[in-house]
Amino acid sequence: MLMRKVPVFVPASPWGLRLPQKFLFLLFLSGLITLCFGALFLLPNSSRLKRLFLAPRTQQPGLEVVADIAGHPLARERESPPNPAPAVPAPGEDDASSQASTRRRKVWLRRTHPTGTREMATAARSSGSTALRPQEGGIPFSFDFNAFRSRLQHPVLGTRADETKEPQSLVRAQREKIKEMMQFAWRSYRLYAMGKNELRPLTKDGYEGNMFGGLNGATVIDSLDTLYLMELQEEFQEAKAWVEENFHLNVVPRKSLLGLNLSHRTAATGEVTLEGRSGLSAQRGSNLEPRPILCCPLESGEASLFEVNIRYIGGLLSAFYLTGEEVFRVKAIKLGEKLLPAFNTPTGIPKGVVNFKSGSNRSWGWAMAGSSSILAEFGSLHLEFLHLTELSGNQVFAEKVRNIRKVLRKINKPFGLYPNFLSPVSGNWMQHHVSVGGLGDSFYEYLIKSWLMSAKTDVEAKDMYYEALEAIETYLVNVSPGGLTYIAEWRGGILDHKMGHLACFSGGMIALGAEDAKEEKRAHYRELAAQITKTCHESYARSDTKLGPEAFWFNSGREAVATQLSESYYILRPEVVESYMYLWRQTHDPIYREWGWEVVLALEKYCRTEAGFSGIQDVYSSIPNHDNKQQTFFLAETLKYLYLLFSEDDMLSLEDWVFNTEAHPLPVNHSDSSSRAGGRL
C-alpha cells in the first residue's frame, strides 16, 4: 500500500527529492563549482583569492613590493618561476647538479685558478649556511655564484705573508691598527646611530639627511664589504641582519628638511654630512659659491640618482659578489628599478633627482637653474648598471647606460674636453666648465674601469678615456714654479689654478690606466700619476694637522695650500689614500706606505673622538674643531684603501676586481664575451 502512494513506483530520496529534482540540483551545483574555480585560478589579479585557499609560500625578509616595470619578469616576482633554479650552495660546498648545469650553460667567467680555502671558509661563515633560495621569493636566479668564485684568478682575501719576517710583522701591525679603527667606527655607529644614515659622534646620535628618498642605513650598506674584507665577522653579521630585517625599499618618505643649515661647504642638496666623490650632492667639493637655500632642499621622496647608485646599489652588489647572499642581490635589483624614472628624458640622459614616491624626476636647482644634468652623475652609472643586468637578466639597465655613452660619443667636445653640465632635453653642453675634481671626476674614472671590468673588451670606453686624458694633459695639467704638477679647472679657456681634494683620485686613475696606454706613453703616464700624487701629499704635509684641505691653490707664491677658511676643512675624504694604494701596487715604492701611515696617525690624533671619527673645520689649526660627522665614505673608502695599502696585492686583486667610486669592489668579466647572454660588461 505504501508503494502505491508513490507515483510510477519511484523510491523516495533520503532528502525527499525525486530523480528529476536531484538531476537539476546536481547540474546547478557542478556549474557553481566550475564558476568558483574559474574565478579562483583563471581570472587575472586573483592572488588575494588564492591566499584564502592556498598555503602561503615562504617569504624572504625585506622583499618589498616596488613599482612594476611593464614587461619585466620582476613584475611577476611573487609567483614561482616555471623552472626555478636550484639554490646555490654556500661557498666551498660541492654541488654536482650545479656543476653539471654550469658545464651546460654559457659561463660568465672563464676558468682560472680556484679560489683559496681561507676566504671560501670566510664566505661560508658570513652566509651562515647557504644562500637564500630563489624559489623562496623575489627574483628568478640565474647566477652561479660558486662558478663565479672558482674562476677568480686570486683568493678574494689574498694570501698570508710570511709572518716570520720583521718588515712584514710591522706591516701586519699597521694593518691591524687600521682594522681596529674600522671596528671602533662601526661600533660607535651601532651604539649611537644604528639604522640612521650617519653617526654624529659629538652629540652621540644619528643623522638621516634627505637625499636618499627616505632610505636609511647608508652607513650599514657602505660598510658591508669593508667589514667582510677585514674579517670582522661579528660586525658583518650585524650589518647583514639589519639589511635583511630593516632595509625596506617601500619607504614612506620623510618631509623635506627645509630648515637645513646650509654651510659654506654645501652648495647643493643638503649638508656636508652626505658628501662624497661626485659633482652631486653638496657638489662633493666642487668649490662653487654658496647658493640660496631655496634652490637646494629635496622634496618628499626625492633621492639623488648618483648617491643611491654608488653607495646603496654599489654596496649591495659588492656584498653579494663577496658572499653569495641572495638578499643583497634582490635588494640591489629592486632598488635599481626605483632609479629608472630618472632616465625619462628626451635624450635618455638621466636627471639628477628621482622621486621614489611619484616616479617623477628633475635636475638639481643649482645646476644651471635646473636645466642640466651633471657629468660626474650620469657618467658614473655604467659599472653598477651593467652588473644589475648581469644579475637580473633585465637588459633595461645596460641599455640605459649604453645610450648615455652613445650621446656622449656623438656630441662635439670643445678641444676634446667634457664640460660638466649637459642638457638632458637637448643633449647640448650648457657651460664650458671642465673639472677633474667635483662635477666631473668619476666620469673619467668609470671610462678606464669599464675597459678593465670588461676584461679589456670595451674598446669604446678605452678610446674615450685616452682621448679625454690627452685633452686634460694638454689643457689642464700644469707645473707650478715650485715644481708641483697639478690639474687646474678650465672655464671656457681660462684656468683656475687650483685643485680640489676630489681631484686627487686622478693619480691612482692614471696609474691604473698606464699599462694599457700606447707603449710610448706608458712610462710617461706612470710618472704623471706619481707627480700628481706627490702634489696631493704636499697639500697634506703643508698643513698643521698633516691632513689635506678641500681645495688648494697655486698662485701668489703659495702652492698646495688653501687660501680661505671655506676651503680649509677636511671631512675624512679618501681620494689621496686611494692614489697611495694604486701607486703602491704599481711600484711597491715604500714612500706610499709611509705617506699612508702619516694619514693614519693624523686621523687618530685629530679626527678620533670618544664616539667615532669626525671631520675637522680647519686643517691649519692644531686644535681641532670637529664637524660632528662620521661620513659613510670614511668606512667605505678611506679605511678600506688604507687597509689595502698595507695588505698583499692579491687581496681584492686588481686582476679580478674594479672599485666603483665609493670603493665597492665589482668583479671583472673574465669570460668570453661572445658567450654571454646577459650582455657584455
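Each Cβ is built from the backbone N, Cα and C atoms, and glycine gets one as well.
Remember, TrEMBL labels are computer predictions, not curated facts.
So that you can see what the record holds, here are the features copied from TrEMBL:
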- Asp441: active site (ACT_SITE)
- Glu575: active site (ACT_SITE)
- Thr661: Ca(2+) binding site (BINDING)
- 102-113: compositional bias 'Basic residues' (COMPBIAS)
- Cys504-Cys536: disulfide bond (DISULFID)
- 75-135: region 'Disordered' (REGION)
- 23-43: transmembrane segment (TRANSMEM)
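Its Cβ taken as reference, Glu575 (active site) is surrounded by 26 other Cβ atoms within 10 Å in the chains shown. Taking the Cβ of Thr661 (Ca(2+) binding site) as centre and 10 Å as the limit, one finds 28 other Cβ atoms among all the protein chains shown.
When the recorded positions Asp441, Glu575, Thr661 are ranked by how far their Cα is from the Cα of Cys504 (disulfide bond), Glu575 comes first. A simple way to gauge crowding: the CB of Cys536 (disulfide bond) has 29 other CB atoms within 10 angstroms, across all the protein chains here.
Here the CA atom of the residue listed as 'Ca(2+) binding site' lies 9 Å from the CA atom of Asp441 (active site). Counting in whole angstrom, the residue listed as 'Ca(2+) binding site' lies 10 from Glu575 (active site) by their C-alpha atoms. Of the recorded residues, Glu575 (active site) and Cys536 (disulfide bond) place their C-alpha atoms 9 Å from one another. Around the Cβ of Asp441 (active site), a 10 Å sphere holds 31 further Cβ atoms from the protein chains shown. Of all Cβ atoms in the protein chains displayed, 31 besides its own lie within 10 Å of the Cβ of Cys504 (disulfide bond).
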